[in-house]
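Q: Okay, handing you the structure first.
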Amino acid sequence: MGFVGDTHKIDKGGCFIGGMKSLVRRKQVDSANSKSSSRAGSSNQLAKALTIPHLISIGVGSTIGAGVYILVGTVAREHSGPALTISFLIAGIAAALSAFCYAELASRCPSAGSAYHYSYICVGEGVAWLIGWGLVLEYTIGGSAVARGISPNLAMLFGGPDSLPDFLARHTIPGLNLTVDPCAAILVFVVTGLLCVGIKESTMVQGFVTSVNVCVMAFVIVAGGYLGFKSGWPGYELPVGYFPYGVDGMLAGASTVFFAFIGFDSVASTAEEVKNPQHDLPMGIGFALSICCSLYMLVSAVIVGLVPYFAMDPDTPISSAFARHGINWAAYLITIGACTSLCSTLMGSIMPQPRILMAMARDGLLPSFFSDVNKRTQVPVKGTVATGLLAGTLAFFMNVEQLSGMVSVGTLLAFTMVAISVLILRYVPPHEVPLPSSFQEAIDSVSMRRSGCSSSSSDIDVESTKIPVTAGDSTPLLAEISVGHPLVEKAAAKLSYLVRQRRKVAGWTIMFTCIGVCIVTSAASIVSLSNPARYALSGFGGLLLLSGLIVLTCTDQDDARHNFGHTGGFTCPFVPLLPIACILINVYLLINLGGATWARVSIWLVIGACIYVLYGRTHSSLKSAVYVPATHVDEIYQTSTNSLA
C-alpha cells in the first residue's frame, strides 16, 4: 500500500462510494508529534491539573444522584424485593464492562471528546458525529432534568413544598400551562460560572459537595445497620424468601438500577486535563465505579432489611424507613444528601459538554467558536457559557422529565460504540492515518527514500510509490531488505497478503457479531412476535454471535495495537468476550427504552445529520488530509522537523 494523496484513496479492504466516503474517514490519535505540529503556538490547550482524587470526585459526584434515595423503594417493591442488593451488584458488574473499555481507550487516547473521540479514531467520522451529537443531547437534557429536581428538595429543607422564597419558587404561567422554575435556572448559571473559573477549582467544589453526600449515605448505612441489628432485620424475615419475584424479577431490577451507574464516563471527558492519563484515568474510573457500587449495595442492604419490601414508601423509602423506627429527624439529613447529590450531578452533567463541543470544533465539524480556550483559566469558557445558557433556559421553561429517557439513549450509544472501538483497536487498528496537506513535501521525501529512488525531482508521482502497510514488527524488516532479493520479496508479499486477509476476516466478523447482537436482543424484546418467529430469530442471531465470538477468539490480535496511541496504559482484559458482552447488554437496554423515547431521539439525530451534511462534512479538518501508512508517521514528522530546521 502506498502513500495516498487525498482522502479518496483507501486501502484495498474497503469500498467507498460517492459522498459516503466522508462518513468513514478516520482521524489520527493524538500523539506528541501531532500535538506539537497541529497546535504549536495554539491557545487551545486545556490545563493539566487533575489527579486521581479529582477524577474520583468527578466520577462519584456524576454517578450518585438523588435517584438512589428513591430508586431503592421503587425497584424493591416492583422487581427485586430483598434481593435488591444483588440487583445493584449485577448492574455494577455490567457497568464495569463499559468501564474497562473506557479505561483502555482513555489511557491510549487521552484527548477531550470521550466516546466521540474514540469513535472518530476507530470507526469513522459519520458514526463519531452521531455519538457526539447524542452526547450533547445527553448532557443538555440530563443537566436540565437534574436542575428541575433540586428545587422541590430545597423546599423540603425550608419546611414544605411551598416554602421557597417567591423569587425561587415555581410558578405556573396562566393560559400557557407552563411551569417555570427560577431556582433551577439560577443553579445552572451558578454552576456554569463555577466551571468557567477553572477545572481544578470547580472539581474541588464538586469534591466537597460529593463528600457531604457520601457522609449522608454513610450515616444511612451505619445508623440503619444499628437499627437493623436492634430490630432483628424484619425486612429479611419474610415467608416469601429472598427472591419474591424470582430470579427474573431480580434481573429486571438490575436492568432498572443500571442507569444509576451512568455518569462515570464524565471522567473520560476530562482526559486531556489529567496530569498522568495513562495511570490516573484507569484508576479514577475504577475507584469511582467501585465506590458507587459499594455505597449502592450497602444502602440497599440496610433499607430493605429495615422495612419489608411491600411496605416501603416508593417516594421516600429511606426517610420513611427511619421514621418507622422513631427517627423522624433523619428526613432532614436525607434531604440534605439528596440536594448535595443533585448539585454534584448537575456539575457532572454540564462539565463534559463543552469539552465534547470543543473536540468536535477542533475537528472542523462545528464552528471554531466552541474550540476557544480561555488563556487565563484554560477552560473552554465560550462553550461552557453556551452550554449553561441552553441548559438553564430548558430548566427554567420546560419540565423535561418526559425527555429523561433520551439521556439514556445517548449514554448507551456511547457505551456500545466504545466497546466496538476496543474490538477494532485489537483486531483491525487503523493502518492509515491522516496528515495535513502541509506535510506533502515530507511525505514525498519519505516516499522516495523508502522506494530506494535517488532522484531529487520534486514532481515524483507519490501514488505510484508503493510502501507496504504493516501490521506488526516483522513486516517492516522484510520491507527494508526486500529490494533486490526476489525470494525475500516474495515471502514479504505473501506475509502482507496473509495479514490483509486476517484483517478482512476480523473486520467482517466484528460487523456480523454486532448484527447478531441486534437480532438476538430484538427477538428477546419484541413481545408482539410469535413464538416460532422469536425462536428462529434468536437462533439465527445467536449463531452469528457465537460464531463471531469463536472466530475472534481464535484470531490473533493485530500487533499494531501495541503502537496505537499512547502506550503504557490500561489494557482491557478478556478480549473479545468482555467487549461483546458489553455490546450485548447495552443494545438490549437500548431496545427496551421504548418507542416514544426512540421517536424523540430520532428527531434529534435527523437534525444532527442535517447539520453534518450542511456544515460538518464540508468543514471537516480531514477534507484535504493526506493518508499515509501508520508505520511511517514518525519518520514523516522527523523529516518535516529537519526540513524546517
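Positions of Cβ are set from backbone N, Cα and C atoms, glycine also.
Curation does not apply to TrEMBL; its annotations are automatic.
Worth saying up front: this structure is predicted, and the values here are computed from it rather than measured.
In case it's useful when we look at the structure, here is the feature table from TrEMBL:
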- 570-620: domain 'Cationic amino acid transporter C-terminal' (DOMAIN)
- 49-72: transmembrane segment (TRANSMEM)
- 84-103: transmembrane segment (TRANSMEM)
- 175-196: transmembrane segment (TRANSMEM)
- 208-229: transmembrane segment (TRANSMEM)
- 249-271: transmembrane segment (TRANSMEM)
- 283-309: transmembrane segment (TRANSMEM)
- 329-350: transmembrane segment (TRANSMEM)
- 379-400: transmembrane segment (TRANSMEM)
- 406-428: transmembrane segment (TRANSMEM)
- 505-529: transmembrane segment (TRANSMEM)
- 535-555: transmembrane segment (TRANSMEM)
- 567-591: transmembrane segment (TRANSMEM)
Q: Return the stretch with the most CB pairs under 8 A relative to the transmembrane segment (84-103), choosing among 175-196, 208-229, 283-309, 379-400, 567-591.
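A: Going through each listed stretch, the top one turns out to be 283-309.
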Q: Which one, 175-196, 379-400, 406-428, 505-529, has the most C-beta pairs under 8 Å toward the transmembrane segment (567-591)?
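A: Top-ranked stretch among 175-196, 379-400, 406-428, 505-529: 406-428.
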Q: Most CB pairs under 8 Å with the transmembrane segment (249-271): which of 208-229, 329-350, 406-428, 535-555?
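A: Checked against 208-229, 329-350, 406-428, 535-555; highest Cβ contact count belongs to 406-428.
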Q: Run the contact check on the transmembrane segment (406-428) against the transmembrane segment (379-400): 3 or more C-beta pairs under 8 Å, excluding pairs closer than 6 in sequence.
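A: Result for the transmembrane segment (406-428) with the transmembrane segment (379-400) is no.
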Q: Which of 49-72, 208-229, 283-309, 379-400, 535-555 has the most Cβ pairs closer than 8 Å to the transmembrane segment (175-196)?
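A: The stretch I would name here is 379-400.
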Q: Select the range from 49-72, 283-309, 329-350, 379-400, 535-555 that forms the most Cβ-Cβ pairs under 8 Å with the transmembrane segment (208-229).
A: 329-350
Q: Same-chain Cβ contacts of the transmembrane segment (379-400) under 8 Å, 6 or more residues past its ends?
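A: Those are 46-47, 139-141, 143-145, 147-148, 178-182, 184-185, 187-189, 191-193, 195-196, 198-199, 349-350, 353-355, 357-358, 361, 369-373, in sequence order.
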Q: Pop the mean pLDDT for the domain 'Cationic amino acid transporter C-terminal' (570-620) in here, whole number is fine.
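A: Result for the domain 'Cationic amino acid transporter C-terminal' (570-620): average pLDDT 92.
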Q: Given the transmembrane segment (283-309), which of the listed stretches 49-72, 329-350, 505-529, 535-555 has the most Cβ pairs that are under 8 Å apart from it?
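A: So the stretch in question is 49-72.
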